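What TrEMBL says about this one:
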DOMAIN    A:1-97  domain 'Acyl-coenzyme A oxidase N-terminal'
DOMAIN    A:100-208  domain 'Acyl-CoA oxidase/dehydrogenase middle'
BINDING   A:103, A:142  FAD binding site
DOMAIN    A:239-400  domain 'Acyl-CoA oxidase C-alpha1'
ACT_SITE  A:385  active site, proton acceptor
DOMAIN    A:443-560  domain 'Acyl-CoA oxidase C-terminal'
């Protein structure tokens, strides 16, 4: 970080006054410099590159993001050794700049619906790439609009007259030397967006564009010269990258929200307004209960998400270790957990950044406050790498599956193990909801139990509603759709439980007493605020009584 | 999606005709769209006038918004001024007048993208606060644009809390002038629109001092720029405050005053006056100075808050009808995303809210027009209630609609993030409404203060304004609903809202009393209750909105097709509110857990019913494609072709990027030694 801050080449001007083209140009300038410096300092570790990169660009997107974050890693994981020789080193040396072209105009999260085709022609041993419809035009990839000369294109593979599903192809798109689009390629910038001004998100349309057979990434699936298709060993392995990126978004939620909180809380400490006591000078707005109620729960949330982000990253590394040893047992849970937490944290952080901005009144609306930029840069994370509602429903599918397992007498493990308790209670006559948890509102561990009971109840309710719909209607899909609002709520409750649990668990790891004390208060605030915002769930399930809810509301205000 | 077969499309051209996916939505409408539009406009005659105004403006190339998304702040400002000047000409040509029936549609047709809006506030404050003599002097000048006005209230250090303003106006008896000063950096006027570069005059709000005594905040007309060469007047420093999230077309400005003198006649003196010897005389209520702000609050609600939500709903619903993604049933083609329950649950409550808030702003507007006439006659009786209404509803509606537009934006997935969808601009614009004309939390607390006062009065049997009489009848009770269909009865849910609002007001008032009785100082006690007070004020406004929606639907009896769908929307709006705030309804046992399940079931059952009419319901808002200015929301549903065409028009694709020659080329050729 110090290397960057003291380097005049990276001095940044006030971006607020730059036009979109200027912002793109500045970003490119810095990226070029950055690559040179990385070489100069001999930085090669991915983690170090990441930190170097975020210091240079101050957390903003940049045109080489996709090259470094997707193009190179995809080559590493999916290219054969021969392809590594041909593409990886030139890409590493930036003779090739690549991007990752997956999303199309008509298709995003639902990958199977992608329409771009790659048809194998055995006569010439080439793939013929086509964008057959308007909806199939590749749309959004970063760095595609102006910067890249290659792209990894995801397309439906056709060989011997059959569709074999999605595969990745390395496609040259611009002439090396002149940077002009190659014949058969139409490429450009998709125009102005809410944020991401520095990024040249682009479109790509291909008309009978031919690439050699060897440009299909063939570490797993292969097409032989005669057109014979060889299946990959396991199709689950490609999940890995997605899970990784989603886990990064969880950490990003924490960081973006932390930045917004820092600005809003500091400003609230220096802004004086109105009067609290007649005759006294105007107080800091941070002394108003309503202001505290806006900002401090968000501060607690930022801390909570920070710990969740760290947990997810560690879990990912642990489980990908298992995976490379061939153990896939934990993959479904990890996949479900990252999907849900990605959605939960990005939704909450998104709303939280806006709260922070509004807590700064009119000046928050000025671009000079810095918060608008944080918001517009962060908000697309609710959509990219999997639309949030779809993510929540994926988590729900896992929860319902686990619930079904429990109902049929099996035990489940991991974060969903609380579902095991449901079957135990069914032996007793009373409904799970009627179970009274002795909730002690100043004890984080007791609150974890309350959240656990809420998650269990909502998962059970959703699963039962689903079953009821199934009994009424014939089709499984209709029943699922008619229950999806309940299912999303169940997933949210599950994620909320996981977060409270992780935050609480973290407390015991803190050795410094003062730090532990303040973190414990934040943890309590986070948990109690969540209850006061969702009192309906806790009251309806009989987890808490009216009087306890009043106490919770009171305690939240005391903690402020 | 197989909208167009391989090879049959010409890139960048939007086909004629309507996308069959959206055409089919219109064939099954349960009501007449034209009739609903007329009802929303307040009669077919209004619809006719509105369309004529929109047509006249949209066919005039000067008013085009075609390249708006590609323009810089300077270009947007210049276009806005050009439009404002041209508008004067247009109005003369068309015979439109300030008081004519066409006038209120002009802003809608221009989508607010025009300069000199503060000029109108300038005029309005003079007509409300100025004496007959002042009106006679200034209004004709302003009407003929011989000067351009602004309204300078907010300072760098002070916004909603007006008493804290630091600009001073000291009366100089020897010259019969006021001397205006912004004595420190936080006193600098900051934010006023049209002031950064355009205005020649402005109404400055300053603390009035006579003989060393402060009389509080008063308005003064101050000339800031020369009428000859537009240079700044002596003692005046002014300029633009820089980039914002939106309003690039407006030159929000700053203003510093150093010993600027204005004649005594420039203090607006309808309600108070400084006499030549320095005697201060006041007649009428002190609150009258704020009445301009109060009326502005209500008038912005329709154009700047409800209309943007209607537009956002139009874009998001139409897009959801043509966007197909994933499969609902195996073997079928990909489903319209509008058929997914989760998508319906995102969009349809926002659509219902747009209708609910349209109706309540209509109601408020009428209430205020009546109140305005009363105040002109110097009858101030209704002022506290009007003030409480304007504050609470401005806060509730702007906050609700802002998050509703955000939901619409995110419901459009990635394409919603493109400026070409129109949604980011709608969002950044509407969210300013949460702050201007009074910060929302502060406003809610003002309403809460009124409610607590009325509650106290009512409980001791004193008369209170009609809108709050229900507070007197707080008693514990249970909701009588027995099955989920009962929750489709407006009586049942309106009563639930009423009960909850009354409970929140009364319990907070009780807590406030307790604290005070236990020895906590009054202002500390108030601060400790503010979170609940704000919640109570919101509940009150939410209740009135539901009640007004239900009563309006009731009165629609004669128009069958429309009444039925409006009833569904009213039910959805009300049940969505209970579903999303379950805790406050469950809290004292007014609703039981089982009843809450009934609410949820009824609420979710409504979604597929309203879904059938979703596209006709947004068509009824009757926005032209030009006014939506959205690649996703046009009437014909040719979303992808339009998006592709518009992107190709982006200047980023037209001019050669210098970045390649300068940075990329050396990088790719590995020759980047020194930049």
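Cβ atoms are placed via backbone N, Cα and C, with glycine included.
Everything TrEMBL records as a feature, shown here on the structure.
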residue	record	CB count, 10 Å
A:103	FAD binding site	20
A:142	FAD binding site	25
A:385	active site, proton acceptor	22
Subset of A:103, A:142, A:385 (recorded positions) with C-beta under 8 Å from chain B: A:103
Rounded inter-Cα distance in Å - residue A:142 (FAD binding site), residue A:385 (active site, proton acceptor): 13
Secondary structure content, the domain 'Acyl-CoA oxidase/dehydrogenase middle' (A:100-208) (per DSSP, counts of residues): 6 helix, 49 strand, 54 coil
Between residue A:385 (active site, proton acceptor) and residue A:103 (FAD binding site): CA-CA distance (Å): 10
DSSP-derived helix, strand and coil totals, residue by residue, for the domain 'Acyl-CoA oxidase C-terminal' (A:443-560): 101 helix, 0 strand, 17 coil
Mean per-residue pLDDT computed across the domain 'Acyl-coenzyme A oxidase N-terminal' (A:1-97): 76
For residue A:385 (active site, proton acceptor), the three-state class that DSSP assigns: coil
